[in-house]
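Notes follow once the structure below has been shown.
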Amino acid sequence: MAFSQAPGLSSIFARWLLREGIADISLRVGGRRTLKTLPFILLFPAFIGLIAYGMAWTTGLVQFVTPDTFIKAPPAIIFLGLLLMQMVGGTAVGLIGSVGEELGWRGYMLTRLIDARVPYPMLTSGMIWGLWHLPVMIAGLYYSGPYPVLSVILFMVSVTSFGYIIGRLRLTTGSIWPAFLLHASWNAVIQDVFDSFSKGENVLLWTGESGILVALALLASAWIISRRPMSVRRL
């Protein structure tokens, strides 16, 4: 938890030190633009999961294993029940962690990169976000697959792509709330549902944030989204 709060706390300290205030965090909901993103926020992680993990399960690259739960039902019903619970309840609870990160990444760093005219600020912020995770990956504490170098490369692809998508939501709505919510939704759905149903010797090679299939799915999604016109709104 302390790790996830560090970016937000650092940004607050920087704002205080530089006397920048907090107005540009854009804590207001953002009106219809933000509300229109809610279906995407809730469904996007499930979409990525069904494509990447679904392919891994159906091809036998990764085993589909039902975890022990309080739900007594066939595996498909348990999966669907937990998925729906996490899409809503898990996302709400996950805000505790995601707010701390997003206050720093999309609430501060992204806008500062834009102000400094850094090329490709959304991609750059995503890469920095990924690099921030590398120490815990190298230590084997976070999505470390059987091939460490490959895991780092794939993780950087995943996080940079996902960071672009979150950053785009932040800028097109003019609100930080979509970033809070999509980050929380991803953790609740991918980490707490799809990862918990996946087992096998090569599970971290194919799935998870350092997995081949997840990295490809996120990269393709970011590319498709980038092809659409973008209207930036800053509150």
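Every residue, even glycine, has its Cβ placed from backbone N, Cα and C.
Features reported for this protein in TrEMBL:
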DOMAIN    88-189  domain 'CAAX prenyl protease 2/Lysostaphin resistance protein A-like'
TRANSMEM  37-56  transmembrane segment
TRANSMEM  76-99  transmembrane segment
TRANSMEM  120-143  transmembrane segment
TRANSMEM  149-167  transmembrane segment
TRANSMEM  174-191  transmembrane segment
TRANSMEM  203-225  transmembrane segment
Q.
Across the domain 'CAAX prenyl protease 2/Lysostaphin resistance protein A-like' (88-189), what does the mean pLDDT come to, as a whole number?
A. 92
Q) Where among 120-143, 149-167, 203-225 do we find the most Cβ pairs under 8 Å to the transmembrane segment (37-56)? A) 203-225
Q: List the helix, strand and coil residue totals of the domain 'CAAX prenyl protease 2/Lysostaphin resistance protein A-like' (88-189) as derived from DSSP.
A: 85 helix, 0 strand, 17 coil
Q.
Which range wins on Cβ pairs under 8 Å with the transmembrane segment (174-191): 76-99, 120-143, 149-167, 203-225?
A. 76-99
(Q) Let me spell it out: take the transmembrane segment (149-167), skip the flanking residues so only those 6+ beyond its ends count, and list any with a Cβ under 8 Å from a Cβ in it. (A) 44, 102, 105-106, 110, 121-123, 125-127, 129-131, 133-134, 137-138, 143, 178-179, 182-183, 186, 204-205, 209-212, 214-215, 218-219, 221-222, 225-226
